[in-house]
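Report on one structure; see the data block that follows.
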Amino acid sequence: MASNTTTSNDTHATEDTHATTEAHGGNGGHSDVFPPFDPASFGSQLLWLALSFAALYILMSKIALPRIGEILEVRRDRIEGDLAEAERLRQKTDQAIEAYETDLANAKQKAHTIAEETREAIRKDLDAKRADVETDLAKKMATAESRIQSTKTEALGHVEEIASDTAHAMVTNLLGRTAQKATKDAVAKVVKG
Amino acid sequence: MADPNKVDPIHQFAITDIFSIGGEGAGFNIAFTNSSLFMVITVLAISSFLILSTSGRGLVPGRLQLLSEMLYEFVANMVRSSAGTEGMKFFPFVFSLFMFVLVANLLGMVPYFFTVTSHIIVTFALAMLVITVVLVYGFMKNGLGFLKLFVPAGVPGYVLPIVIPIEIVSFLSRPISLSVRLFANMLAGHITLKVFAGFIVTLSSFGFVGWLGAILPFSMTVALTALEFLVSALQAYVFAVLTSMYLNDAIHPSH
C-alpha cells in the first residue's frame, strides 16, 4: 500500500491510472471493480463519513445554527421594537396634531368672539354717539325753528304798524296834511281784509 | 498502454489512500483516503464559512453573513413547511445533511476534486441515517402508534391487505431511492462531463479539423457543467426535502 499513498490523485494523469489500478490489483484490495461499488473502500468511507458528519452536526447544532438563530432573533426583536416605537411616536404625533387643531379651533373661536364683541361695542358706542348728536341737532333745530317762528311772528306783528306808518307818510306827502286816524283805519281794514 | 488520449471516466471515482493509521502489523488499518479528505474538507468548509461569516453578529448583515442567514432560513422554512413546528427539533440534522450534500456536490465540480457523494456507500449511509432517525424517533414518540403509518386513514378494511404491504414496501424502498437518486445523479453527471471533455482531447489530437470538431463537445461540456451545478444544488435540496417529509411521518404517523 505504501506505493499507493504517493500515487497522484490527478484525474488527467492517465498513465498513473493504469499504474494505480495495477498496483491496487496487485495488492488485492482495489481490483477492477467499479470504484463506487468496491466494498474494500466501504469501511474507511463509512468511518470517515461518520466522523466528519458527526463533527459537522455538532458544529452546526452547537455553534453555527444557534448563532445564526440568535442573530435573526435579535434582528426581529429590534425591528419589532423599532416598529412599535415608530407606532408610538406616530400616535404621539397624531395626538399632538389633534391637540394643535383643537387649540387652533378654540383660538379661532375666541378671536371671532373677541372681534364680534369689539365690533358690537364699537357699534353701540357709535350708535349712542350718533343718537346724542342727532338729539342735539334736533334740539338745536327746534330752537332755531322756534326762534325763526318767533322772529317771523314778531315781524308779522309789526307789519300793520309799518304799513300804517308808510301809508301815513305817503298820505302826508301827497296831501300835505295828516289824516293819521283815517289812514290807520284804512290800512287796518286792508290788512284785515 | 500509456495512451495520452485515452480518457478513463471512471478514474475520478477511484479511492486512493493518502495515509493510513495502524497497518497490517497493528491488527487494524484505518485508511485516510481522498474520499475522507474531501469529507473533512466539506465539513471544514461549511463550518468555517458559517462560523466565520456570522462571527460579527451584525445587526445589518454583510454579504457573507447574509448568505449564511439565507441558507439558515431556507432550510428552516423547508423543515417548517414539511414537518411543522415540531419538526424544528430536527432542523440542525436536516441543515447538516443539506449543507453536507450541497457542499460535497459543489466541491466535486471543481476539477481534480473528488466527489464524496458519487459513492453509493456514502449516500446510502446518509439515507440509512435518515431512516434510522425516523424509525427511532417515530417509535419513541408514538410507540406502536407509529405503525399507523402503514395504515392510511379512510381506506376500507377489505383493501388494507393490499395497501399495507404496498405501504411497507414503499417505506423500505425509501433509503434506497433516497441514496440511489443522489448517487446516480452525481455519478452519471460526472461521467458524462468526463466523456464529453474527453472527446475534446481526443478530437483535438487530429489536427486543425479535429480542433474545429472539438467545438461541439466543448460547448456540450460548458452546458453540462452548468447543468451539473444545478443538479448539485437540486439534489441536495431534494435530499433535504425528502428527509423533512420522512421526519414528518415520524412526528405525525397517521396521514
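Placement of Cβ uses the backbone N, Cα and C atoms for every residue, glycine included.
TrEMBL: automatically predicted annotations, no manual curation.
Copied from TrEMBL, the annotated features are:
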type	residues	note
TRANSMEM	B:37-60	transmembrane segment
TRANSMEM	B:90-114	transmembrane segment
TRANSMEM	B:120-140	transmembrane segment
TRANSMEM	B:149-171	transmembrane segment
TRANSMEM	B:191-214	transmembrane segment
TRANSMEM	B:226-247	transmembrane segment
Cβ-Cβ under 8 Å with the transmembrane segment (B:149-171): same-chain residues at least 6 beyond its ends = 138, 249, 253-255
Ask   = Is the transmembrane segment (B:191-214) packed against any residues at least 6 beyond its ends, judged by a Cβ distance under 8 Å, and which are they?
value = 5, 7, 9-10, 12, 220-221, 224-225, 228
Task = Go through the chain and flag residues at least 6 beyond the ends of the transmembrane segment (B:90-114) whose CB is under 8 A from any CB in it; none is fine as an answer.
result = 12, 34-35, 37-39, 41-43, 45-46, 50, 71-72, 75-76, 78-79, 83, 126, 130, 133, 137, 182, 186, 190, 225, 228-229, 231-233, 235-237, 239-240, 243-244, 247
